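Inspection log for the structure reproduced underneath, given as C-alpha cells.
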C-alpha cells in the first residue's frame, strides 16, 4: 500500500524528475522543517497581542524554506560530490551516483534561486536586503567541514536566519532585543541536532578527512549538547521577556527543555539509526515552541 510520505511522492514522480527532487531532498523533509520553524517563531512573536500569526507570511516563508533548503542541498552536493561517493549513506545522492551532471545541477540551482528571489521580492525592502545577506552563508557553509571542526556553528548561523527575517517581514525592521536572543537560541539548537546528525558519519569523516563537532566533542558530546540546550532555553526566555510573552510560551519552553533532556540522555552516539531518530525528533521541538508562541500571544 502506498503512503502519503514525502519519499513516496518523490518515488511516484516521473523518472527524469526524481534525481532533481532527491537533489533538493524533498524525500527527506526533516531539514526543511528545521529551516522553516525559526521563521514561524519570529512571525509568531511579531504578531500583534491577541492575534494569530500572519498566515500569508507563514505560507510565503514555507515556500521559501523548501526552495532555499533545496538550493543549499544542491550547493552542498556540488561541493561534496567526491566526498559523498566515499560515504555509504551519501553515495546514492544524484550527483555522487552520476544520475545528473554538474552542469545540470548548476542550471537547477539557478532555477531554485530565481524562484526564491521571487518569494523574497514579496517582502519589504528591509527584509529583501536582510534576506539577500544570507546568501553568502548558504554558499560557503559546505566548505566549512574542510576548514574547521565547527561547521555546525556555521550551519546554525545559516539555518536560523529566518529568526531575523520573519520579524522584519511583519514589522518592517528587526527588534534586536527579541530577534538576537531568538537567533542565538536557534543557533544553539542547530548545534544540538546537527552534532547528533554528524555522529552518523564520524567513521567515514575520519577516513576522508572532513571535520565536525561530533569529531571535536567525541565522548564528551552529551556534556556539550547539555550546555547548548541550556543556552537555548535561557535565550528563549530572554526573547520571551523582551516581547512580553505569557504563561503558555514559558510552558512550551519548559516542555522543550524536557524533550531535549530526554533526547540527550537516551542518545547513543555509536548507533547511526538512533542518531537519525533523535535528529528527526527535533521537528517536535520547533513545533512546540511555535504552539507556545501562538497561545502565549492569544
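Quick reminder: no glycine exception, Cβ is built from N, Cα and C everywhere.
Keep in mind it's a predicted model, so treat the numbers as computed, not measured.
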Do you know which of 206-223, 224-241 TrEMBL annotates as transmembrane segment?
224-241
So which residues does the transmembrane segment (247-267) touch in its own chain, when a touch means Cβ under 8 Å and the partner is 6 or more beyond its ends?
192, 196, 221-222, 225-226, 229, 232-233, 236-237, 240, 274-275, 278, 281-282, 284-285, 288-289, 291-293, 295-296
Would the transmembrane segment (279-296) and the transmembrane segment (33-52) count as touching if the test is at least 3 Cβ pairs under 8 Å, pairs 6 or more apart?
yes
When counting Cβ pairs under 8 Å to the transmembrane segment (33-52), the leader among 113-141, 153-170, 182-198, 224-241:
153-170
Tally Cβ pairs under 8 Å between the transmembrane segment (182-198) and each listed stretch (113-141, 153-170, 224-241), then give the stretch with the top tally.
224-241
